[in-house]
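Database features (TrEMBL):
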{"type": "BINDING", "residues": "D22, F23, N24, R37, H60, L61, G62, R63, R119, R152", "note": "substrate binding site"}
{"type": "BINDING", "residues": "R37, R119, R152", "note": "(2R)-3-phosphoglycerate binding site"}
{"type": "BINDING", "residues": "K202, G293, E324, G353, G354, D355, S356", "note": "ATP binding site"}
Amino acid sequence: MPKVRTFSTDQVKGKKVFLRVDFNVPMKDGKVSDDTRIRAHLKTIQALRDAGAVVCMASHLGRPKGKRNMEFSLGPVRDELAKLTGWSIKMAEDCVGESVVEALGSLKDGEMLLLENLRFHPEEEKNDPDFARRLAEPFDVFVMDAFSAAHRAHASTRGVADHLETYAGYLMEKEIEVLSKVRDNPDAPFVLILGGAKVSDKIGVIDNMLDKVQTILIGGGMAFTFLKARGVEIGRSLCEEDKLDFAKEMMNKAAEKGISMVLPVDVVVAQEVKDGVSSAVVSSDAIPSDQMGLDIGPESVKSFAGIIEGAKTILWNGPMGVFEISAFASGTKGVAEAIARTVQNGSTSVVGGGDSAAAVAAFGMEDKVGHVSTGGGASLEFFEGRVLPGVEILLD
Ligand code: ADP
Ligand code: MG
């Protein structure tokens with residue numbers, strides 16, 4: 001099990017710390033519309049402050065395509081962070097060069113610095129060695145807390161580690177601790193719940209996790225490719241024709257290994273993916289040819305919930321239906337509620353995937369379903385069994 005290197009007070013006291021966070025928050029009308037990602041880093045920032053470090057935060061925001069574009073300025077994030085905490089936070093004009101050195105030099109006791117968007121420079125995403133050296137130059141220590149950016153080898157997530165002592169922040173530590181437990185050392189029975197739009201996004205996860213789980217529950221859009229692979233008519237439901245063979249192969253492999261792969265027994269169908277459209281529950285083998293399946297049905301929720309409640313370990317990736325529309329949200333909500341009951345009885349659960357996390361947040365259940373990972377793409381790559389470049393630098 002990987003364990004990341006964290007910092008002690010002595011290692012950061014009086015040091016200038018380059019703290020990589022992920023403040024890539026959703027914005028609306030020039031303001032932060034959801035501060036979840038900011039709050040996720042507060043423990044690390046607080047700890048560095050308490051330890052007497054000079055804290056300087058760096059992040060990307062949106063896709064400014066390597067050009068300075070104030071539409072993607074981190075200024076509004078600075079305002080939100082200051083409002084949230086009451087801290088005094090200065091903003092540097094850029095993330096490298098004179099303006100950073102000057103801003104650092106002018107910080108008073110207790111003040112912190114936020115650098116301007118890393119992606120104003122095309123060298124950031126290229127992990128350009130000279131850019132990484134320039135990023136690191138004004139600092140003594142690198143603290144990597146951006147788990148959700150750790151699957152990218154960029155200058156600020158990987159390159160700077162070549163120049164500075166490097167430690168993990170608390171968010172990173174927590175993510176790696178919980179995700180590793182589930183991936184590398186799960187207590188049985190281990191139930192993997194997969195959903196979301198596409199089989200192709202989850203192939204790597206299925207491949208890597210198949211040997212470790214006792215049961216796989218499949219819902220969401222991807223269930224229909226599996227149903228079709230079993231010979232069921234799926235109407236106009238989502239289907240990846242080129243993944244039918246993969247689905248068949250996986251079902252055969254699971255059967256050989258004694259793993260049960262459970263598909264929905266009923267589904268919610270409609271003509272259109274639209275608010276207010278009329279919908280019906282049908283058996284999975286009776287989907288009308290002109291309709292599409294947009295959620296798992298109530299019988300499926302019951303059967304999934306029964307299995308989930310018997311689990312000691314749960315990994316959930318991908319909503320059970322088009323949860324963004326209330327008529328197709330019950331399956332996802334039912335699964336979230338079953339997970340919450342199981343977690344309450346002491347089981348370990350990880351929710352990975354950006355949309356799954358958004359669904360859980362929309363139901364107001366973030367605190368009930370176990371560990372909701374902040375890393376969408378990063379958590380997927382983690383469960384594919386990869387070593388993330390921004391995590392590798394934190395291993396001894
Ligand atoms: P995550 O981000 O959690 O990994 P995905 O990105 O794989 O999840 O999938 C999320 C999307 O899948 C959601 O936008 C949801 O509307 C869509 N989806 C779920 N079920 C279906 C379905 N039956 N048909 C079409 N789209 C679906
Ligand atoms: Mg997604």
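Residue positions begin at 1 at the first shown residue.
The backbone N, Cα and C atoms fix where each Cβ goes, and this holds for glycine too.
Under the DSSP three-state reduction, G293 (ATP binding site) is assigned to strand. Ranked by CA distance from G354 (ATP binding site), the binding-site residues D22, H60, R152 have D22 at the top as the closest. The Cβ of E324 (ATP binding site) lies under 8 Å from no Cβ of any same-chain residue at least six residues away in sequence.
Cα-Cα distance from G293 (ATP binding site) to R37 ((2R)-3-phosphoglycerate binding site): 33 Å (rounded to the nearest whole number). Cβ contacts within 10 Å of D22 (substrate binding site), excluding its own Cβ and spanning all protein chains shown: 23. Considering only the binding-site residues K202, G353, S356, H60 (substrate binding site) has G353 as its nearest partner by CA-CA distance. Overall, the recorded ATP-binding residues K202, G293, E324, G353, G354, D355, S356 cover a maximum inter-Cα distance of 22 Å. Put simply, R152 is the one of the binding-site residues R152, K202, G353, D355, S356 whose Cα lies nearest to the Cα of R119 (substrate binding site).
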